[in-house]
Amino acid sequence: MNLQSNAGKTAAMFAASGGHVDVLKAMQRGSSLLDLQSADGGTPAMSAAAHSYGDVLQYLIEKKVNLNAQDEDGWTALMYAVCAGNVNNVARLVAAGADTKIKNNDGETAIQLADGKHKEKLLEALGGKLAPINEGKKKGCCV
């Protein structure tokens, strides 16, 4: 179960990417397996957040995985949830202790990535404070 693909992806990452919380529960061996990072630094929590699988994300939170792990681009599960526009997952991650002040490799926080039709709700879920956006930075993650 700890085997990784050539890209470093584990069975837990594939299960999270597919929204299969039942598979994650069957694999349960503590959070260490659920925290393994792929070759690009991705985690099951990032996959669940990116694909808007709230039940998977909630399970990973309950297993106390590292919500502040960063991939090779400096992205966290919270940043992926913001870009997916999933207000519930953003609120879930913030309530579980995800750090809203972590910056990605472009110097952007999750708050700065909030954009689009759910911007107001995303900002509210992130704590309601808009951090200053540096000139020259892209505005939002999904433009």
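Glycine residues also receive a Cβ, built from the backbone N, Cα and C atoms like all the rest.
Looking just at the repeat 'ANK' (40-72), the mean pLDDT is 94. Residues or ranges marked as repeat 'ANK' in TrEMBL: 40-72 (among others).
According to TrEMBL, the repeat 'ANK' annotation covers 73-105 (among others).
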Checklist entry - In the repeat 'ANK' (40-72), how many residues does DSSP put in helix, strand and coil? => result 16 helix, 0 strand, 17 coil
Item to check | Same-chain residues near the repeat 'ANK' (40-72), Cβ under 8 Å, at least 6 residues beyond its ends | outcome: 7-10, 12-13, 15-17, 19-21, 24-25, 28, 30-31, 34, 78, 80-81, 83-84, 86, 88-89, 92-93, 96-99, 102, 104
